[in-house]
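Listed features, source Swiss-Prot:
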DISULFID  4-21  disulfide bond
DISULFID  8-23  disulfide bond
DISULFID  16-34  disulfide bond
């Protein structure tokens with residue numbers, strides 16, 4: 001059984017060293033924590049509840065946390081991080 005505990009990187013493949021785990025970004029883009037997925041609905045709920053996790057640009061705009069969903073370059077992660085791509089915000 002996989003040990004889905006501790007720190008991880010969303011860029012690590014597979015996340016947390018096992019395809020049985022998820023890496024949930026925590027505040028910073030390059031650091032997260034490992035967890036056991038308890039089904040697809042829990043991933044969807046996690047994305048809905050986190051202000052910066054997204055699956056689409058529209059989701060970022062609805063959450064008010066940006067207008068661009070930057071997907072992680074990791075095919076084990078079905079989500080990305082919201083950014084504001086407006087040049088005035090830079």
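Any Cβ shown, glycine's included, is placed from N, Cα and C.
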Measure the Cβ-based neighbour count of residue 16 (disulfide bond), defined as the other Cβ atoms within 10 Å of its Cβ.
25
Residue 16 (disulfide bond) in three-state DSSP notation
helix
Out of 21, 23, 34, which has the highest number of nearby Cβ atoms, where nearby means within 10 Å of its Cβ, if these are the disulfide-bonded residues?
23
Please classify the secondary structure at residue 4 (disulfide bond) using three-state DSSP.
coil
